[in-house]
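Summarising the annotation, TrEMBL assigns active site, phosphoserine intermediate to 95. The annotation Mg(2+) binding site is assigned in TrEMBL to 95, 312, 314, 316. TrEMBL lists 415, 416, 417, 546, 547, 548, 549, 550, 555 with the feature substrate binding site. Taken from TrEMBL, the feature domain 'Alpha-D-phosphohexomutase alpha/beta/alpha' applies to 85-116, 154-205. According to TrEMBL, the feature domain 'Phosphoacetylglucosamine mutase AMG1' maps to 210-319, 335-485. According to TrEMBL, the feature domain 'Alpha-D-phosphohexomutase C-terminal' maps to 514-563.
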C-alpha cells in the first residue's frame with residue numbers, strides 16, 4: 001500500500017477526518033493529530049536502516065537513535081493503560097549496557113513485564129517507516145483490541161529513568177507520546193531504579209501508597225522485622241559486619257546511600273556511586289563481575305575476605321563476591337544460583353517450623369517451587385533437589401521464570417546473572433495473616449508465630465514485581481545473620497561444576513528448534529544424538545544448544561565434573 005492509499009484509508013475510516021490541524025475523534029480513538037501527525041513524527045522520526053526488537057530487556061540501542069522509539073512507546077503505554085484500565089509504567093534504562101546506550105521497558109499492571117501478546121505490536125510501532133504506517137498500525141490495533149475511548153477511564157503512566165545523561169531528553173519524547181492520546185496523563189517519578197518503578201506500578205494498581213519514600217519504608221520496616229526475629233543462638237560473631245557494595249556507577253549506588261542513612265543495624269560502604277567520576281558499567285557492576293569473575297574497579301587485595309556485593313546499572317541484578325586471599329583481582333563469586341539456594345534454605349526452614357507442629361483448626365501445607373533455566377549450574381540444581389525441593393526448568397527469560405513461579409504458593413526464581421525474586425500467592429498470604437492472628441492468641445511469641453512473621457516480612461521485603469538488587473541485598477543480609485553464616489560458609493553450600501559458554505555464528509538460527517525448556521534439540525535431526533554422545537564421555541557431563549532470540553547465532557553451554565585436560569569436544573571447541 002503506497003502513501004496515497006494509506007492516506008485515503010485513514011480518511012475513509014472516519015478516524016482521521018481532515019483538516020490535519022484538528023483532533024480526529026471517533027467512538028474508538030481520539031488522538032491529537034497535531035502531536036501525532038505530522039509535527040511530532042518528524043521531530044522524532046525513525047532513523048533509516050534501524051530495526052528494533054522488543055524482548056525481555058525491552059528496546060535497547062545507542063541513545064542517539066531512540067527518540068522516535070520513546071515517543072512511540074509513550075503511545076503504546078497509554079493504549080495499554082486504556083486497555084487494562086490500570087496504571088502502566090515506562091522505564092528508560094539500558095540496565096548493564098554501556099553508558100552511551102539507552103532503552104525502554106514497559107511495566108504491566110501487576111508490575112511485571114509487558115504482556116507477550118503486545119510485543120509484536122511494540123515491534124511494529126517502533127519500526128513503522130512513515131507517519132501513515134504509524135497511524136494505520138495504531139488505528140488497526142485499537143480496533144482489534146477493542147480499546148475503549150469513551151472517556152470512562154483516563155490513561156495514567158508512571159515514567160522513570162536511570163542516571164544516564166540521555167535519559168532526560170528521552171523522557172520528554174516519551175511524555176509527548178503519552179500526551180498524543182487525548183486525556184492521557186504522564187507522571188514523571190524522577191530518577192529511579194528499574195525495580196522501584198515496577199514496584200510503584202504494582203502498588204498503585206493494588207490501591208497502596210506508591211511513592212519512593214513508601215518503597216523505602218516498606219523495605220526497611222520488613223528488614224527490621226526480620227532482624228528482630230533472629231534467634232538468640234545465632235552466632236553473630238561469625239559474620240563480618242562490614243559489607244562493601246559496588247554500585248556500578250549507577251542509580252543503585254545512589255539509592256543504597258539513601259538506605260544506608262536510614263539503617264543503623266547494617267554497616268554498608270558503597271563504592272562506585274558515580275559521584276567520583278566513574279563511568280556507568282565500565283569495569284564495574286554485577287554483569288561485569290559475574291561474567292569476568294574479577295574484582296570491579298576500586299576493589300583489591302585490601303578487601304580480601306570481606307563480604308562484597310555488586311549491583312548492575314539499573315539495580316535489578318545482584319551478585320556477591322569475596323576477593324581471593326591469594327590474588328589482587330580474582331574473586332570467589334556467589335552468583336544468582338547461590339542467592340536462590342540461600343533463599344530456598346531459609347523459606348524451607350520457616351515452612352518446616354510452621355507446618356511441623358500445626359495447632360488450631362487453620363492448617364495448610366504450602367506449595368513451594370524453585371524455578372531455574374538450563375543455564376543454572378548443575379551443582380545448584382542437585383543441591384536443591386537434595387533438599388527435597390521441587391525444581392522446575394523453564395526456557396531462558398525472566399518472563400518464563402516469573403510465570404512459572406506464580407503457580408506456587410511460594411515460587412522462587414533466579415538466573416545465575418543475579419536477577420530473580422520470590423513470589424507469594426495472595427491466597428497463601430491471606431492464610432498467613434489469619435494464621436498469625438490465631439497464633440498470637442494461643443501461642444504469642446512461639447517459634448510457630450515467629451516463622452509466620454518471618455514469611456510475612458519476606459513477602460514485603462522482596463520485590464514481587466521483578467528482581468530487585470536493593471531488596472534482595474537486604475534479604476540476603478537478614479538471612480545470613482539469621483543463619484549465623486559468613487559469606488564463606490554460604491559459598492560452601494555446594495561447589496559449582498566447571499562450565500563453559502560460547503556462541504556459534506549460523507546462517508539461520510531458526511533452523512535449531514528445542515524442547516523441554518531448551519535442553520533437547522528437536523531439529524535438525526541428529527544434533528541431539530551428537531550432543532548425547534559427546535557428554536557421555538564425561539562425569540556429570542551436560543550440554544545444550546539453543547538459538548539466540550536476537551541474532552543469528554546458536555548459544556552453547558557445557559559443564560562437567562572437572563576441567564581435566566582433554567581434546568576439544570565438538571560442542572565447545
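Glycine residues also receive a Cβ, built from the backbone N, Cα and C atoms like all the rest.
The recorded positions recorded for this entry are 95, 415, 417, 549, 555, and the Cα of 95 lies nearest to that of residue 312 (Mg(2+) binding site).
Of the listed binding-site residues 314, 316, 415, the Cβ environment within 10 Å is emptiest of other Cβ atoms at 415. Highest Cβ pair count under 8 Å relative to the domain 'Alpha-D-phosphohexomutase alpha/beta/alpha' (85-116), across stretches 154-205, 210-319, 335-485, 514-563: 154-205. Here the domain 'Phosphoacetylglucosamine mutase AMG1' (335-485) has a mean pLDDT of 95 out of 100. Surrounding the centroid of the Cβ atoms of 95, 312, 314, 316, where the record places Mg(2+), the chain contributes additional residues within 8 Å, namely 93, 96, 193, 194, 250, 252, 286, 311, 313, 315, 317, 469. Annotation: 547 carries the greatest number of neighbouring Cβ atoms among the binding-site residues 547, 549 [cut-off 10 Å, Cβ to Cβ].
Comparing Cα positions, residue 417 (substrate binding site) lies closest to 316 out of the recorded positions 95, 314, 316. Rounded to a whole number, the distance between the Cα atoms of residue 314 (Mg(2+) binding site) and the residue listed as 'active site, phosphoserine intermediate' is 5 Å. Within 10 Å of the C-beta atom of residue 312 (Mg(2+) binding site) sit 32 other C-beta atoms, taking all shown protein chains into account.
Helix, strand and coil counts under DSSP for the domain 'Alpha-D-phosphohexomutase alpha/beta/alpha' (154-205) come to 25 helix, 14 strand, 13 coil. Of all the binding-site residues listed here (547, 549, 555), 549 has the Cα closest to the Cα of residue 314 (Mg(2+) binding site). The two recorded residues, residue 547 (substrate binding site) and residue 316 (Mg(2+) binding site), have Cα atoms 25 Å apart. Helix, strand and coil residue tallies for the domain 'Phosphoacetylglucosamine mutase AMG1' (210-319), in that order: 42 helix, 19 strand, 49 coil [DSSP].
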